[in-house]
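Annotated features in TrEMBL:
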ACT_SITE  ASP163  active site, nucleophile
ACT_SITE  GLU218  active site, proton donor
COMPBIAS  539-551  compositional bias 'Acidic residues'
COMPBIAS  562-573  compositional bias 'Basic and acidic residues'
DOMAIN    22-382  domain 'Glycosyl hydrolase family 13 catalytic'
REGION    533-573  region 'Disordered'
Amino acid sequence: RIYEAHVGMSSSEPRINSYREFADDVLPRIRANNYNTVQLMAVMEHSYYASFGYHVTNFFAVSSRSGTPEDLKYLIDKAHSLGLRVLMDVVHSHASNNVTDGLNGFDVGQSSQDSYFHTGDRGYHELWDSRLFNYVNWEVLRFLLSSLRWWLEEFKFDGFRFDGVTSMLYHHHGINMTFTGNYNEYFSEATDVDAVVYLMLANCLIHNVFPDATVIAEDVSGMPGLGRPVSEGGIGFDYRLAMAIPDKWIDYLKNKKDDEWSIKEISWSLTNRRYTEKCIAYAESHDQAIVGDKTIAFFLMDNEMYSGMSGLMDASPTIERGIALHKMIHFITMALGGEGYLNFMGNEFGHPEWIDFPREGNGWSYEKCRRQWDLVDTDHLRYKFMNAFDTAMNALDDKFSFLASTKQIVSSTNENDKVIVFERGDLVFVFNFHPENMYDGYKVGCDLPGKYQVALDSDAWEFGGCGRVSHDVDHFTSPEGIPGMPETNFNNRPNSFKVLSPARTCVVYYRVEGNLEERKDCESISVNETALAKKVDSDEGFEESASDDNNDAGSSKVGSLKVEEMREGTSDG
């Protein structure tokens, strides 16, 4: 559970923040939200602040804007003391074009070689205006590998997020390239074998120096084997960023009305990854917040965030919809999109507007290059609801470890109801994306029989919801079909139970351990959860019936979808 952060812009004031201030002021927030990893951007020295740290001028130097190397060590030690792992955003895909203070133009004394970089077009990235390394050069390999070891041993980083891996893997750098999953796109003369070998060497070195390191690849192509060990012939990364997921959400928010959202397409986009190659899912990162674009919260609520976020007045329909969908989008991305989850600093509470680094075009202003922590700290503002739900999402994984579970089954994607039902581990997730319809007695399939209760509910009062789902109701399962014959089951699941599913909500159910066969000697009747919560009397001994043959809501026959059954040639293209 990764919290992506930029130290420089982490202050609430319009200035560059320091490593020590970040350690003392921001790290406790990250820990309080139940993240277990912080990923630091812009640590390596770079001359242009607005490059987000990606135009590196010194591969062994700590960015001096935020303090000294000792200050960075203080930050990392503080994070470790809070139980947080620290990953570094490392840039070995390219280097700053600067000659005066960078590597560009530096003579390594090897006249027969191309110095650190390739000559001609091969040594220049036209979109990034930066130089590209010559990975076949022995001194380049020693230089870059030594840099990795330096950051691990000297500063005690717990791993890396490699930037621009797609650019490294292919001679075309992914420019004007759409990856469809065809293996000829991955393995051809367009593949930069020298760069692939370097990445294998890098991952081999990292895991030898620090076996528990976490290494993540920023790759949009879906290169097969990228996330498998070098010993298997893979490239050796532990995770790949699922980069198509945020693009899909932005496309929906920009171009589709709510009733045009395709539940099957959402499910496919979130599960479209290779079995046994782990992914980090995210709904939005720093990329989606850069000037010219918007955060998800700002897409959903736009200008009303300036005037409608006060809890002292009734929420407008735009604010109600925005907060509800903000919770759902981030949670379904976490629960279904990968084996890890990433959030960019501030997006957990719906930070408004965009990021704009000081530059000539904005009068060198820091106004949009900071984080407005006061928004979430002000008790009467609704930002606290999104923050509380983000905390609860992470706490749910802390308790049930569903992200680490290989059991992931989508049992229903109902386009008419706008409902998706899936299991992750032994949890059952019910997402109702319908803008209006609430379903009472909605039948959902599950694997294990027994009694289920609410584990997390986005409609709860503490998350800015309406509190329509009762949390003290026991949901008893009913067997479905003939044992051993999945085709006779309900949505290919051997058991089912019924729930209340309000519009634009997501509810998670967990199986209660214990003797679930014991029932009170009373008449079992079917009632909806709201009525049960209000009317149940201990002397009457009413219980919710686990079956209701007269209500087939949610019973459309949609085959279960397992990640391991997906076609091999998938990509994030």
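Cβ coordinates come from backbone N, Cα and C, glycine included.
Annotated pair ASP163 (active site, nucleophile) and GLU218 (active site, proton donor), C-alpha to C-alpha distance, rounded: 5 Å. Cβ neighbour count for the residue listed as 'active site, nucleophile': 21 (other Cβ atoms within 10 Å of its Cβ, all protein chains included). The 10 Å shell around the Cβ of the residue listed as 'active site, proton donor' contains 21 further Cβ atoms across the protein chains shown. Mean model confidence for the domain 'Glycosyl hydrolase family 13 catalytic' (22-382) is a pLDDT of 93.
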